[in-house]
Each structure stands twice: as structure tokens, then as C-alpha cells.
């Protein structure tokens, strides 16, 4: 049957192109995310992005070749349960080429009782080898830094990359704010989605909960009573803040590390960025010039995120005390940063 | 904060619509739990394990994600009372395969463990569906059935659901199509003697044995054996590289949970009581294409098998039966 497209010499191809079609050999993937570091945090970020259907291509990079390949295969094996997504992995950064977002989770993690700044020395050298490679292969990417201490490492990434500051972001206090909202929602027996408020500043011990603008069902938290009729003073809320700051340490002490929550937190940022959602998140951004901050530091401020990265910092009303604490947080970070050799 | 509308009749306790318990908070258990949560399948999740610290840590880590998830009640305890009223109990507890170790050799180590787990789950959720993941899954699901006294439709093993998924992925990759358009089952033992049903495996509804892949390669049953070996070896490979498997089995289990809880009536190759089907005369659990809904296994599909496939399925059941006998289950 010479005129038939469907058979050639008895060998039946699965699909036959419509004559006259113009099919490109290479289709550019719409959303590509690279995750550097396939430890618990990196894999939680990667897997959550996959489950939430945020990416068409996922690249994993790490120095441990076996672990890397194992993680890639384990995700690929789930193919029939996921939309078609290309999952690749290599120790060579060439695999990350053309990424829209590069998530960096690599580095030493906090040991039990270790404070985030003490991780710093161990992670600085590592970033000097990671960031230039990501930049080389994805000059237009957004860098999303997770590794701790996240504020300083995001600053480091910004300096090393030469990127404009809107394209270098740290996950910052996005998770802290989530934890705070959970604790308050729990006390008031409401959904955490109806608690609105931010923790800003350092992702760490000197973070600043903005009590004055924290609301439940749009009512200021300082004006409401919980389900037991308890009204909250700033002092009792301080207890909640301490719980939030401690909560990462608590999880680390109990299970050795944290992974799930930071995975969800990161995926929510990826979604806002890739899908140009223009939502506001407390994330680590270049803070100089905002809220009276004079130091060249990265720290968390409520920021609008879209496809171009940080579109802007929100002008939230802060009380005098909150501003002071924020500036203090900036100084804490600045002090540690200035001891770095760059 | 809130004022009730006068005349309201608000019950103190509202029955939660969907509750699942996951026993074992290792990598597999947590992947199952987290995927079920991310996919919005549950209103209440209970975690049970003997390691109290690890258990609490995992519970907190999930709770901390509350603002990113729909409201879900997450709790954990080493006391099985926390599992009360579960619609599905997923059991992942037990020793896992060491590098190079076959699933069957895990058996001895897991036998006594299940004798302590299953009666407790039954006690606190007498109407639940037991979904067994621990390996060797077929024998442990059989054991769970015996211990629980449940009707067989309420005791299921994840079986070859994941193997079939892996096979479909490999074939889809060769033919450059989406794995969702590859339909076919691996049945029998979740392990070395699993049986791929090549004769009914289709791509875009065309038998795989009658078409060529993107490179023009036509496949015979013999050449496809290589793919089967890759599937069987797939788990061992991942274990060798990263120490364990977690993500794929997590997605696989979540897909079963969805079919069960949401009464989807989808067909999955899962480990069921196989006696009487396809000429199997042994009292064993092994994977057959089964329809899953809210009541559990609604029925086993009557898939066309050629003689060779049927024979291999019987061999698979013999393999399982032998081991079961040796351990006097």
C-alpha cells in the first residue's frame, strides 16, 4: 500500500507524523528546577515540587554520585503516578543548564545544639564552588537558597553570582512564619490559613515576630481571646516566639534533621515564582534601605514574589519596638558577615 | 473569638471523614504519610512506631507545614490507641532489605513483629482496611489476614503495584510516550518470580508485541525479558545506591489509598487472596489485577493470560507457598 503512511515494509511504527508537520527536534521545557544537594532537605524540596506538579524538568546535583543516582532512580520509578516529567542527575553542573530556579540545599546541616552561624565557616567554601557553576549554566536563573545560615549564605550567593538582587532569594523566615501561624491557629482552634502575620529578620534566634500586625480572621491577635477565653499579652506571645525559634532544634533533636516542613515551604515559594503568583512571603532579601536598615545584609522581609523574582518589599506597619528589633537582627547578621573573608 | 448562632446544635466531636494510620515512621512509612498528606487524601493521620523520639520528631516536622496544607490532624504515639477509628491502616514496619538481600529472607525477622502489630490495629479499628507494605509483602499480607480474622477484601498488600509502574515507565521511555498510555500488569510475587503479562501489555491500546519503539526496534517476549530483569533489579539498585527506597513506594501507596478512600473502583495489581483465581489452588496472597473501592478489594479482574504466563503465575504461587510452609505460618 504505497500511499499509506502507516506501514513501511510491514514494520508498523507506533506513531506516524502527519505529512507537512513541522516538529522541532528539541522542545524547550517550560519549567526547569535544579536542586543542589540530595540530602533530606533537598529531596523533600524536590519530591514536593514533583507531587505538586510544579516542574517539567528536575535536575539533581550532588558530589556523592551513588546517593545521587539512587535518589534519581527512586523518583523516576514513580513515573506512572506523576505527570510526565524529566528527572536527571549528575555531579557535573552541566545538567543544570537552562534552569528557571536553582535551589541550593547543599552543605553541612546543624548538629544538635549547634547554632546556625557556627555552620557558616563550613559552608562558605562550598558555596564558592557551587554558585559560579550554577551561574555559568543558567545565567538567567533565580537562585533560591535554603542552606543555613540562610541569610548570610544568600548574601554570599548574591555576591558570588553577580546577579541583580531580585534573582537571589533565601527561604528565610517563610517556614518560621508558618510555624508561628500554626501554633497560634492551634491555640485559637482555627485554620492556619486564617492567621496572617510575618516573622521577619534573621532566620534564627534574633527573628522578629510582627505581633502588631498579626491577625486572626482579620482581628488583631492582641485583641482576641482563644477557645479557653485567654487573652494574650505580648509576654505570653513571646513564649510562642521562643517555641518557634526552638522548634527546628527540637525536631533535629528528635529525628536528627528537619525535612518535610522546609520541603513544603520551598515548594510554595517555587510555585509563586514559576507561576508568577505575586504572593507575599517573608523571605530573605537584600534589606539595605528598608525599615531603617543600613547594613548591606540579606534578611527576611515580606516580599512579593513573581516570575522575575522579588518584585518588591511590602511596606508593613511596624511598631517602634519591632523596627528596633529588626535593625538589631540586621546588626547581628552584619557582625557575623564582616568576619567572613570573601 | 467566635460566637455561635443561637439555636445551633454543634456536636462536640465531628466524625473525621478520612483517617489513616501509618505504622512505622522509617523512610517508607514517612514517604507514604507525606505523599498522602500532600495529595490531600486524609483529614486525620496517625503515626505509630516504637522509637518515641523519632516518632515525635516526624510528627512535628509534618505539623510545622500546617500553613502549606489543608487542615489535617496529625498525631503520633507508640500506643496504638492513637490509631482508633482508622479507615486504612498502612503497615510499613519491620526490617528492610539489606544490600543484596532478597525480600523472602526478611521474613523471619518480620514474623514476630506482625504478631504484635496486627491485633492492636484490629482492636482499635475493627472495620479498617489493612494495607501492608512491609516485605516480603505477599507473605506478610497473608499473615496479616490470618491474624486479623478480617474478610479478605479488607486485607491488601501493595504487591506489584510499584513493579507494574516501573515496567510501564521503562517501556514508555523506550517508546517515548507518557507512562499513563502504557497499560499492563505485573502479577504474582512482589519479587524475583513476578510475572509480566506481555501478551496484554499495550501502548496506545496496541499490543507492545506488534509495534516498534522510537528507534524502530520490534520486541519479542525474549527481548522484553531484559526490561523485566531491570524492574526486578530496580529496587536492589536503588538500595545499593542510596541505602533504601522511599519515594516511588510512597507514591504507589498513596495511589492505592486514593482508590480505596475515594471509592475510585480502579484496577491495580495488588496482593490479594489468590486461591481460586487463574487455577491457583494454594492458600496464598499474591498480586492480581484487582478493583479497589471503599469496601476494599471489590473483585479480581479476569485478564486473558496465555499458557506460559499462567504457568509462571503458578510457579510464583508455589514459591510463596513453600516459604510459608517452611515457616509454619
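Residue 1 is the first one shown; counting continues down the chain.
For all residues, glycine too, the Cβ spot is worked out from N, Cα and C.
Record check, TrEMBL: NAD(+) site residues include B:24, B:25, B:26, B:27, B:28, B:29, B:49, B:133, B:134, B:135, and the candidate from B:110, B:153 also listed there is B:110. For the NAD(+) site listed in the record, the two most distant Cα atoms among B:24, B:25, B:26, B:27, B:28, B:29, B:49, B:110, B:133, B:134, B:135 lie 17 Å apart. Here residue B:190 (active site, proton acceptor) is positioned 11 angstrom away from residue B:133 (NAD(+) binding site), judged by their C-alpha atoms. Cβ neighbours within 10 Å of residue B:28 (NAD(+) binding site), excluding its own Cβ and spanning all shown chains: 26.
Using a 10 Å radius centred on the Cβ of residue B:26 (NAD(+) binding site) and all shown protein chains, the other Cβ atoms total 18. The number of other Cβ atoms within 10 Å of the Cβ belonging to residue B:135 (NAD(+) binding site), over all protein chains shown, comes to 28. Here the domain 'Lactate/malate dehydrogenase N-terminal' (B:19-157) has a mean pLDDT of 93 out of 100. The separation of residue B:190 (active site, proton acceptor) from residue B:135 (NAD(+) binding site), Cα to Cα, is 9 Å. Take the Cα of residue B:190 (active site, proton acceptor) and measure to each of the binding-site residues B:24, B:26, B:28, B:49: the nearest one is B:28.
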